[in-house]
Amino acid sequence: MSNTNFSIPASHITRAHTCLAAAAFLSALLVGSLLHYKKIVKNGVAGYPQEWFPSVSATIGDWYPERNLFQIFIALTSGPRFGLVAAQYLLHRSSQSTLPVLVFIFGLVRTLSCGGWVYITSSDDHDMHDFFMITYMVCNIPWMLGGIACTPKQSSRIRKKRRVARLSRFFVSIIPLVYFFIQHKVHRIPGAYTRYSFFEWGLIFFDVLYDSIAEAEFKDAALQISLNSLVVKDQKHEEIHNGTPVCIKESKTTSVPTSMPKLESVSFNLSTVVQNPVVSFISDVYLSYVFWSIFTSLTPTLFYFSVWELGIAGHELALLSVLSPFLLSVSPLLRWARTLPAQIFLHFLSLSGLVAYLLQKPLQRLFVVAFAASMAVLRQTADWAASDEYAVGYQGITTGLGLTLSSLLKHANHSNNPVWPFLNEHSGGYNKLGIALALLCLLESLVRPAPEQRTTVQALTSKANHWLLSAIPLGSLIFTLHSLFSDPSTTIAWSWTGYENGRPRGPLPHFHGSVTLVFQALGLFTAVLFSSDAGKRFNFTSHPLWLAFGSGSSYVMYRYRNWLGYGGGLGLSLFVMSIIPVVLQLAASTGKVAETYFTAMFVYVLLSLASVWTVAYAFVPGGVYLRERSDLVLVAQMMCLSLAFVQPKGIPRPVVTASVRIYAFLLLGCISTLSVLATLYRMPSSAIQPWRTGPRILRTGIWTLHFGIDNAGRDSQRRVRDVIRDLELDVVGFLETDLHRTVFGNRDLTRVIIEDLGYNVDIGPGPNSHTWGAVLLSKFPIINSTHHLLPSPHGELAPAIEAVLDVFGTYITVVVSHNGQEEDPLDRELQSKELARIMASSYPRPVIFLGYVVTKPGALRPNPYEILTVDGKMHDIDDEDNDRWCEYILYRGVYRTSYARVSRGTITDTELQVGQFLLPRHGTTVVNDTHEARYLRSHKEDLPEEHWLPMAYYGNKWRGGVNGHFYHVFNTPLYYKIPEDAVL
């Protein structure tokens, strides 16, 4: 065999890649520091000397010539990078595993996306730059983890370098990176971006260093590259052989055979792609996500009717559709449900719950979603009640991954699941894409080869395991996953208490939801870790000590607030996610499919109703017994789960194969990284500023949003955002906003507005405070805020937020509240007295009240109107407006310049009220507060144009206005002159 004309060791390509990549970044840093030092360290918060080290993006993308120098070096790096990816694939490829192919694909995408964020700078196209950067970072996970998995076990030195010295440092540095970025972006702390920059450069350093390890691997394998082929040169023989690369062992006595088969031709067709274990695993996870999407959409779809009826409407019976496992008591039906055609058929029927988004009437959607949920639960039961520990272990992992994926997509999509049937393309839905992917996954399931029969499978059925004791913890597990962990911000809402000294006391839902997702992933990681089929029999996730940890975490979450309470929620998420396979294993081991899973779903229904009863006690029969007792519900959950830890011995533990473990670890890593990247991507790109930065104008609003569901039963977040944006409200109070319950979909009604428009937010008392919710949004910094639960001896518990805002340097107190209903006069009187006390205690500081009061204008005590205005030392925004009942705006210490009432359209059942105020000059107060001075009515033309409310909202229900919203009652905003002696 003749030698090639030119060949080089493959390790030289890796070395060239390392040198060129390092030269690209270091040269840009050096040149940038020499020529534009103060420019590249400056950012939107501070400059030199507070910030003294440049970020990567500022160094490589902002200035000539360092940007161009960097791009030239990266272009030179591309060749060695592609060579490295190809050589590593050919060295690792094996007929027994498709993982090297997957790593190769991610390596190519990673390389191409690097070119994307290098040559498309943030100043060119910010969104595309971020897209390629996120793609690059996500691809790092399978590239690195897959590279470790593909490295031969004999190459322990290489594996250790990749796993410990490089990989762990790479991912550990992400945590402080995100922390300091939030300190810079959210809290705007000077110097935080410099600290962030160190870890950003650290990511680059470890990234390049990880790739450099391939040099040692190629050198150990004596891998060489010629112009025509990849060749392996045996260190004991001079002959060079063409052939398929083989795994080179570390042993010095091992040599490559002198006779090797010729390189086989490689062809790709549909069957090789479809019949791939990686594709099958991803398909199963996505179908699990579809199950959770349909399952969690049922209660919001039916509760639409309960909200409008303010009581039991009869539609709640649709919840019983999840009891469909009772059908499996018919033995032929159970046998049929376990067949592949039945699984595909039931899957297909359940997809009607996704297609239901096309239906325009809420009642029609409810019927279809209820049917879909019954089919989904029926099919899922057949999967969960598998016949061996491998199948149950696999189902436990995919069930947890499906829920975590659903939680991730909600986090990335403004707390809405993109395939929910009450979303559409106008309200944040990606229904068509979700349905198309589901159909592709069904197709893959249909053509998937039958799994190999195991000869050593242990039967699951255990006579000592009573089905009732296994069904109860399963029902509690499903409810706990749904109520607390189907959205990453729910446990944050449990811990939220507001602001102190200008900073949040605890985690923020839209910033720290990714932390919850990471802990959910860690919990599932623990489950996978203890589900090894390597012969270990001990499973810590079924040990009583683990139950003690989970119970203690639930107590901390309920008892404490802020970071400590949130820590309890994180511990509970770790615990609950980790026991999914164990609880499913216990249920499957009973052999009583219909009895076990019907009872489990019945327990789920009971806990769901109990959780609603804690807050809806005023509208449901027997509500008094569970009024404000979410502690009892939580205790019941944990007691039910504890039954899973007192089962008899001899029940097989759930296990999964090594390949499934690798796939799960890779996917969990991707989910964790994507959650962080989604948080960073959704963060406002600029500092929060008021709509009008010149004059000291403050425009406020109050709106009761009816739980974020519009008249057509769709999510209303985007429509609300459009109105708030058009009216340019600086401070707005939302009522009926606590959606962190199963019946509301565990949503965050503020997410679209704060991420798209840029607002500071106080989400008000959480679900464990048992109110219908109140929210404060502010374009101005929130200095301090306090949550109040107003006296409510008989009716629904009334929330209030008292916040101090820094408005153009003047501290103003804003109070947002939702008082009780007309049926409870004593409640309304006591609540009004407490609100009056709060507002009077702030005197003489300016105060603005935005609330739902339920009183006639001018009504004397014990009605709320006189109590609030007289005892609270407040002025009605217009005491001559006699056509009011619910919403009121009161003020003190500022000049009112405009007042408008905007029709509700089809968003909610209540109008939006707008009040505009002008602040006195900083350090002064209102000098003339008489009735005559306050009621100098005016035409808008007599005021500067910045005081005018938008002209587009003039109109009526037949014409004019914007999307059905228009100035009504007066058909125009009311305007008021500023007193001549006002000091402005």
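In case you wondered, yes, glycine gets a Cβ from its N, Cα and C as well.
Lifted from TrEMBL, the feature list:
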type: DOMAIN; residues: 13-220; note: domain 'CWH43-like N-terminal'
type: TRANSMEM; residues: 20-37; note: transmembrane segment
type: TRANSMEM; residues: 69-91; note: transmembrane segment
type: TRANSMEM; residues: 131-152; note: transmembrane segment
type: TRANSMEM; residues: 164-182; note: transmembrane segment
type: TRANSMEM; residues: 286-305; note: transmembrane segment
type: DOMAIN; residues: 289-443; note: domain 'PGAP2IP first transmembrane'
type: TRANSMEM; residues: 317-334; note: transmembrane segment
type: TRANSMEM; residues: 340-359; note: transmembrane segment
type: DOMAIN; residues: 465-649; note: domain 'PGAP2IP second transmembrane'
type: TRANSMEM; residues: 467-485; note: transmembrane segment
type: TRANSMEM; residues: 511-530; note: transmembrane segment
type: TRANSMEM; residues: 563-584; note: transmembrane segment
type: TRANSMEM; residues: 596-620; note: transmembrane segment
type: TRANSMEM; residues: 662-681; note: transmembrane segment
type: DOMAIN; residues: 696-935; note: domain 'PGAP2IP C-terminal nuclease-like'
Checklist entry - Should the transmembrane segment (131-152) and the transmembrane segment (467-485) be scored as in contact, given a threshold of at least 3 Cβ pairs under 8 Å and pairs 6 or more apart? => result no
Counting Cβ pairs closer than 8 Å to the transmembrane segment (662-681), the top stretch among 20-37, 317-334, 511-530, 596-620 is 511-530
Per the Cβ filter (under 8 Å) with a sequence gap of at least 6 from its ends, the transmembrane segment (20-37) is approached by 48, 54, 56, 58-60, 62-63, 65-67, 69-70, 73-74, 76-77, 80, 201, 204, 208, 211
Same-chain residues at least 6 beyond the ends of the transmembrane segment (317-334) with CB under 8 Å of its CB atoms are 295, 298-299, 301-302, 366-367, 369-371, 373-375, 377-378, 381-382, 593-595, 597-598, 600-602, 604-605, 608-609
For the transmembrane segment (563-584), the candidate among 286-305, 340-359, 467-485, 511-530 having the most Cβ pairs under 8 Å is 511-530
Counting only residues at least 6 beyond its ends, the same-chain positions whose CB falls under 8 A of a CB in the transmembrane segment (286-305) are 313-316, 318-319, 321-322, 347, 350-351, 353-354, 362-363, 365-366, 369-370, 372-373, 376-377, 379-380, 398-399, 401-403, 405-406, 409, 417, 419-422, 434, 437-438, 441-442, 445, 482, 486, 608, 709, 713, 742-746
Comparing 340-359, 467-485, 511-530 for Cβ pairs under 8 Å with the transmembrane segment (596-620), the winner is 467-485
